[in-house]
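This report concerns only the one structure given below.
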Amino acid sequence: MPDHDSTALLSRQTKRRRVDIGVKRTVGTASAFFAKARATFFSAMNPQGSEQDVEYSVVQHADGEKSNVLRKLLKRANSYEDAMMPFPGATIISQLLKNNMNKNGGTEPSFQASGLSSTGSEVHQEDICSNSSRDSPPECLSPFGRPTMSQFDMDRLCDEHLRAKRARVENIIRGMSHSPSVALRGNENEREMAPQSVSPRESYRENKRKQKLPQQQQQSFQQLVSARKEQKREERRQLKQQLEDMQKQLRQLQEKFYQIYDSTDSENDEDGNLSEDSMRSEILDARAQDSVGRSDNEMCELDPGQFIDRARALIREQEMAENKPKREGNNKERDHGPNSLQPEGKHLAETLKQELNTAMSQVVDTVVKVFSAKPSRQVPQVFPPLQIPQARFAVNGENHNFHTANQRLQCFGDVIIPNPLDTFGNVQMASSTDQTEALPLVVRKNSSDQSASGPAAGGHHQPLHQSPLSATTGFTTSTFRHPFPLPLMAYPFQSPLGAPSGSFSGKDRASPESLDLTRDTTSLRTKMSSHHLSHHPCSPAHPPSTAEGLSLSLIKSECGDLQDMSEISPYSGSAMQEGLSPNHLKKAKLMFFYTRYPSSNMLKTYFSDVKFNRCITSQLIKWFSNFREFYYIQMEKYARQAINDGVTSTEELSITRDCELYRALNMHYNKANDFEVPERFLEVAQITLREFFNAIIAGKDVDPSWKKAIYKVICKLDSEVPEIFKSPNCLQELLHE
């Protein structure tokens, strides 16, 4: 019963203290706090010190002061616990021992000054209670009038909790001693001497929050990270060492390879059997031998340009084989030692020479057999062919006069761009319209028009020079394909719009009208011809034809429209042409007097003698665009000139056949002045001049697109083009009228 009363009294006092210092109340807090206080107090002192302290307190205050001593002990225990909160587990014992020494030395007021146990008001109340307890202790300690706890009961109660608390404290200290906090241990003295600025509640929460983060795990994580870094450094070092070793091995291999290559190269220079040209020739020879074994049907399917390429390579190899004995003789005379040519090399040279001669003859025979299977009638040549470089090839064994470097450069276009379909002697083109293996770009005219070109056959001329290849195999060369595009004005006016070439006088051919082609036309033809020569090295060549037909066929090939070629012929007066001529340009200029904005369908209708494609259509449209550009430039020029002259009204502006503007336009579109300009064109020109005048007067020329409004007005003023312009011979009819 006394034990129960003492426990209840201590529990109530503890609750009061917790309320005073602001600690939140929880269930079972009083008993747990009391047990913790007693265990902490007695664990800090050895048994001897504990008994001496208790005896000293009992002797000093006597039996009447037991409650006061117990209160002070509890107060000190509470202060011990509050003071130990901020410190780690490894320093709890040292702190308790230090507090015990301070107590024995009479430094008890330090606990009150620390502010850890209670506030000033609480200490004052306890002093009053302690003073009154000397007179009537039961009234102060036990409000219910119950007796106090005896010394024996207190010792027994403390001994019960001492062992359990001591074991727990030792276990905590043992677990936390593995990772001591150096920073907190260095600041112990500062925390003891200086008053704490935080409350015990905040200190307690901070301590619990720190305990939730085990330092042992942090240290192990740091150790793991450092171990991984060290492992990566080691791996990097090993990889670097392996790379250096591999580089050393690579350098050694390169040195060995260079030594072997140098020795092999020196042997090749001495023997002359493994040069680069010979290796290439062996590959070409193997391909040629494979092609010889094929059947005639397989040969017909191949591109004839391949045979010529192989033949040219074989000829070059034959030249090398012929020069080998000379080099061998020079080597023997120079060395007379073990570096001379071996018997195997001689045998290889002889065998190679024989195989080359055999392969060359077989290739030539195969080409002749394939392209002479269908005899045809040769088309008569109207324009004399150009000259051919001498001695293109030499096949027979007796003639070994090969090209020098300068001769090869002179016939660059003919060698690089071979003519695989040169006509053979006594071999003529097929008279039917059936397509052969290689479709020519310019096909002969229909049989119904043979009589029209009969008189022109007398103008056919044989080539001035004949190559050894032609003399050996019976070839007759056709028109030489020049490696560069022919000038546009180099060919005569063989179009159906003009007269025959024989009727053109020197004056007509050299007149400014005949040379009046725009820069777009010339550049277009030049670009097409160059593109054709660079992208079609093995394309079929033309039969004997005029230079005009050659140039036009190049444009046709560039445009990519190679269908229905049987309808195209530059020799017929009624057949379609492949390109535009100067007469077409003159016709377009005359049509500009009637229409300024022709459509593509109109162009196809009035240029019915031209085989239309994408290039032809765009060129005609470009012509009319240039016509309009010149037309509008002149109109703006004379409109500004009229404004400068003081003209203020459009009524003063008029165009007659005597005015300067009309003469400028007529000189550009009708240079020969052999065509009568229609009156409608004068009206349109006058309207255009006035539109420019009004726009400039109104200040609209500030806008960059101010001419668009004028263009919309002029495009509606086009008139019908006369039907005579649909005729291919419209220029002759118009000029004769």
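Positions of Cβ are set from backbone N, Cα and C atoms, glycine also.
Per Swiss-Prot, compositional bias 'Polar residues' is recorded for 103-135 (among others).
Residues or ranges marked as compositional bias 'Low complexity' in Swiss-Prot: 213-223.
Look at Swiss-Prot and you will find 227-242 (among others) tagged as compositional bias 'Basic and acidic residues'.
What Swiss-Prot lists as compositional bias 'Basic and acidic residues' is 320-337 (among others).
As annotated by Swiss-Prot, compositional bias 'Polar residues' applies to 464-476 (among others).
The feature domain 'Prospero-type homeo' is assigned by Swiss-Prot to 577-635.
The domain 'Prospero' annotation in Swiss-Prot covers 636-735. Averaged across the domain 'Prospero' (636-735), pLDDT for the predicted model comes to 92.
The phosphoserine annotation in Swiss-Prot covers Ser177 (among others), and the record cites a large-scale study or a structure entry as its basis.
Feature annotation from Swiss-Prot assigns phosphoserine to Ser179 (among others).
The phosphoserine annotation in Swiss-Prot covers Ser199 (among others).
Residues annotated as phosphoserine in Swiss-Prot, with similarity to another entry given as evidence: Ser291 (among others).
If you look up Swiss-Prot, you'll see Ser295 (among others) marked as phosphoserine.
The phosphoserine annotation in Swiss-Prot covers Ser511 (among others), and the record cites similarity to another entry as its basis.
Swiss-Prot lists Ser514 (among others) with the feature phosphoserine, giving similarity to another entry as the kind of evidence.
As annotated by Swiss-Prot, phosphoserine applies to Ser557 (among others), with the evidence given as a large-scale study or a structure entry.
For 1-28, the entry in Swiss-Prot reads region 'Interaction with RORG', with the evidence type similarity to another entry.
Helix, strand and coil content of the compositional bias 'Basic and acidic residues' (227-242), in residues and according to DSSP, is 16 helix, 0 strand, 0 coil. With DSSP classes pooled into helix, strand and coil, the tally for the domain 'Prospero' (636-735) is 64 helix, 0 strand, 36 coil. Here the domain 'Prospero-type homeo' (577-635) is broken down by DSSP into helix, strand and coil counts: 39 helix, 2 strand, 18 coil.
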